[in-house]
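The structure appears below as structure tokens.
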Amino acid sequence: PQIKSLHSDRNQNGVKTDLSYLCYRNLTTDRIIIEQCKHSYCMGSANSSRRETMDEREDSDSRDRDQDSDTSEPDPDIATILQYLIRSGQVRIITSEGNRFGRDDSDEDFCSLRSNPQIDPNPDTSAIDKSELKTSTLQSTGRNHCLSCRRPNKLIQMIAKREIGMFGSNNFTRGDCSTVSSSFLPNKLQIVSKYKQKAFCGTYSRDGNIFLTACQDRNIRIYSTKDGDFKLFKTIPARDVGWSILDTAFSPSGNHLIYSSWSECIHLCNIYGNHEVHEALPLCPDDRRFSIFSVMFSQDGSEILGGANDGCLYVYDTERKLRTLRIESHEDDVNSVAFADNTSQILFSGGDDGLCKVWDRRMMSESDPKPVGILAGHRDGITFVDSKNDGRHLITNCKDQTIKLWDMRVFSPTDGQESTRRSVTSQHWDYRWQSVPKKLFQNKKKLAGDTSLMTYCGHSVLQTLIRCHFSPEFTTGQRYIYTGCANGKIIIYDLLTGKIECVLSGHRGCVRDVSWHPYKHEIISTSWDGQVGQWVYSEDQVMDSEDEDEQSRRAEALGLRRSKRIAEKRQKLMRRNSAGGNGTCLLVTPDENSCE
């Protein structure tokens, strides 16, 4: 039977046909699934800003529905309906394969795209080896010593050396503290909260005393994390939400938060106090179908920066209560924005055009929207940008299944920018529901003009705008990069080697956001399985520091026989990993080529 009306509550057979439901139809030998969740493309599609809209037709349809049924026009045929839905980007069409369509929604969300990500066993470190970032990172993590005077990495040995004054003083340096902390990386999962719908955002405050989550159920939850607690102390019902809350941010004072969705407004809320503040901040876009994918406060809290699906950067003045700038910044969606550090006027933006642009806030102008520089080298759209907060370095997560490390002082030449544009234009897949094309894995060579310092691969960027971050300075010296994964994992990379340090497994759905406590070895993951997980260190799942592996590699380099004790310990550790279930940590040794 034909669908009676796109907007009717029930058709002649009594089956709901509202577009927020799934409609199934058999066509000859293929089965087509038409799936439309209101503003389903909000997860950051590859071409939402180029998508054709039919707002005038929708308005006409709405007026027609108000007319008397006796004067209604002939029903549209299925071809017209499909054409409209496909062109507007509101549906997906999948050819049936096997018994795939026997699965329910949760199976599709959690299981259909869980193939193992590709891992580069020998990352190219030639660029980062020549950079000053390597020297500063080794210094901050206590590893900048020659082999003959290398300090011990074991805690007991370090304490013994300190007590007899062999470090030159009776105190550990910051690098020594980082070395000790790196032996206690989080490795055990504790579920601290469960929701009935997908969790999109999860962030620690700057002081680590509160944790904020945003869920598809249109609620923002704020938890107290003082003294090791994780207690809910406030729930904020979000307003004017399309599909889900997409991003959140704390104010510099920590007293307020903002959130964005498929809406023309950013919303400002208070965290503390008896008087409730929930204020809409209109951005007045030109497009009716509008979303802010990323929001951030300026360092003094006077401005809010947002990246939108119309390819523009928006600046809202919180004191004057108006939008002050709308900059045409990218050729497609702006998925992420970030400041270079806590005092800088320099900011970054990453978009679906595959480019990361560097801006000077003092030079931003609507009449002359030119960035101070462009970083190019990705093969697909950028999903997230995170700054090291040193005013120089940043990382970008991308749909080409890689993270890249950049020095903002080394811009990409024109040919590099064109190489990225050509590569992005050649992509014809939708990362929200399709598997990764093989050509993205097969093209391991850098694009011409790629100025990145390092490329990290071993995680999946599918279904949504997955985030990545530098590890905290206080506990790790920022020696790691960590990211969520579409396979329900957290991947932790070594910043300097590009290799996977460990894999944290435990979620059944895509891990969209991860946040490392600024002063503790605790990571909280927010997942599409509706769970908020807290990762802590547990001796039951030992993650020793790499000092024995380093000794082994040095022995091999000198032509010495590898220690039998080290080999036995490694085998024992691998047996533990293989026996682990949910909430396990997989340690990837330098000799392994995969995370499984």
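Here, residue 1 is simply the first one shown, and the rest follow in order.
Each Cβ is built from the backbone N, Cα and C atoms, and glycine gets one as well.
Remember, it's a predicted structure, so these values are computed and weren't measured experimentally.
Taken from TrEMBL, the feature region 'Disordered' applies to 44-77 (among others).
Per TrEMBL, compositional bias 'Basic and acidic residues' is recorded for 49-68.
Marked as region 'Disordered' by TrEMBL: 97-127 (among others).
Among the features that TrEMBL reports, compositional bias 'Polar residues' is placed at 113-125.
Averaged over the repeat 'WD' (327-360), the predicted model has a pLDDT of 95. Annotated repeat 'WD' per TrEMBL: 327-360 (among others), in sequence order.
The repeat 'WD' annotation in TrEMBL covers 375-409 (among others). Break the repeat 'WD' (375-409) down by DSSP state and the numbers are 0 helix, 19 strand, 16 coil.
Same-chain residues lying 6 or more positions outside the repeat 'WD' (504-545) and placing a CB less than 8 Å from one of its CB atoms are 109-110, 153-154, 179, 181-204, 206-208, 211, 213, 215, 225, 230, 462-467, 469, 471-472, 474-475, 482-492, 573, 576, 580, 582-587. Residues annotated as repeat 'WD' in TrEMBL: 504-545 (among others).
Residues 44-50, 293-296, 298-299, 305-309, 311-315, 366, 369, 371-376, 378-387, 389-392, 394, 396, 398, 406, 408, 411, 417, 420-421, 423-424, 465 of the same chain lie 6+ residues outside the repeat 'WD' (327-360) yet bring a C-beta within less than 8 angstroms of a C-beta in it.
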